[in-house]
Amino acid sequence: MTDKNNKRLFKVAPLATAIAASLFTVNASAVEWHGYARSGIGMSDNGDQQCINKQAVGRLGNECETYAELDLQQELFNRDGKTFKVETMLSYKSNQDGDYEALNSEDDEIALRQMNVQAKGVLGFAPEATLWAGKRYYQRHDIHHLDLFYWDVSGPGAGIEGIDAGAGKFSAAWTRGYGNINILDFRYSGIQVGASSLEVGLDLAKPRLTDAQKDAGAADDLSTLFTAELSTPIMDGFNKIVFQYGTEGYASPMRNFGGGQWNGTLDKGGKGFRLIDWGVVKPSANIELSYAAMYGVFEDDDMNDDSSFYSISARPAYKWSDYMRTYLEVGYFAADDDGVDSQLDKITIAQAWSAGPSFWARPEIRVFASYINDGEGTPFEGGEDSVLNFGVQMEAWW
């Protein structure tokens, strides 16, 4: 063996020893597989199944694609109260048109949604908190039967969450969900108000402009989003009352079912608010109900552009057994967008078979018929103002 090879050996040996030692001293867990999926087949009284604005009137019988999220995570280190976990997720979507659908076209896509490390117990001043970095679904708030994420600042980022702070827990994060828009997210949660729990949050978003963008006069005004959510346990379920107020790039999402992401279509002179009341309750042994009501207002003084909307929807379920139920989903939406009216309503009936009696039990297979009507326009195939859809869909999460 030459001296050169000896030097290589001595350089590699300590690394190999360290890796081997770590394998024997770290208690790593098994890989966890989590995910979400929906898929099916449908048609309408005028060709293919036609779907529109499910965030306004409901998603049951109003989803025309195959969509899935596949998540892998593993705790790689667990010692002395300190843990490190890595998580990665891919999502994919296809048009549900046929057998072979390559995920490389404009309509069929695959995306990296999560890739992060979460470390707990490593902060001396807050051992209960989690330190994290990477792409992450971050503390998302959603209404399931609408597929509406009304508070969501997910994306690449870093932060600390779950710091014990008086009556609640404090979290802070830096994320980016849109281009060069940096978001600072601050939340204080778990504040007890009688039997209810209050969470408040403030999001600050500001573009990070290049010199060329500055020279071109691009706007970089600070946008703010304030959110308050009061959660109350009722009727073997819960009710949530949400208030949101946004300015600048956070104003426009208040009128179009946006979440916590900055909207570049409006970057100065705007303000808006949104009220949401939603929940899932169990009024009797065989009946469960998911419901939502929303009202939003948007104003743009610079552009003299004002709009408002309201939406109401409900999905009651009657359980015939622990594994079979009947759904009725109804939804109504109306808006006035700077003098232009829009209106949409939907009614869906479905027979479903689920893996258990709970409203949240999945997997589930459902057969549905859905009628959607546009009261002001003709958005459907052939210039029609309404459509009747039929189909079968599965939904699962694990």
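Backbone N, Cα and C atoms are what each Cβ position is placed from, and that goes for glycine too.
Feature list (source: Swiss-Prot):
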SIGNAL    1-30  signal peptide
SITE      Tyr36  site 'Greasy slide, important in sugar transport'
SITE      Tyr67  site 'Greasy slide, important in sugar transport'
SITE      Phe238  site 'Greasy slide, important in sugar transport'
SITE      Trp360  site 'Greasy slide, important in sugar transport'
SITE      Trp397  site 'Greasy slide, important in sugar transport'
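Structure with Swiss-Prot features highlighted.
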| residue | record | Cβ contacts under 8 Å, 6 or more apart |
| --- | --- | --- |
| Tyr36 | site 'Greasy slide, important in sugar transport' | Tyr67, Ala68, Glu69, Ala396, Trp397 |
| Phe238 | site 'Greasy slide, important in sugar transport' | Ser231, Thr232, Gly279, Val280, Val281 |
| Trp360 | site 'Greasy slide, important in sugar transport' | none |
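The Cβ neighbour count for Trp397 (site 'Greasy slide, important in sugar transport'), using a 10 Å radius over every protein chain in view, is 13. Its Cβ taken as reference, Tyr67 (site 'Greasy slide, important in sugar transport') is surrounded by 16 other Cβ atoms within 10 Å in the chains shown.
Reduced to three states, the DSSP call for Phe238 (site 'Greasy slide, important in sugar transport') is strand.
Secondary structure at Trp360 (site 'Greasy slide, important in sugar transport'), as computed by DSSP, is coil.
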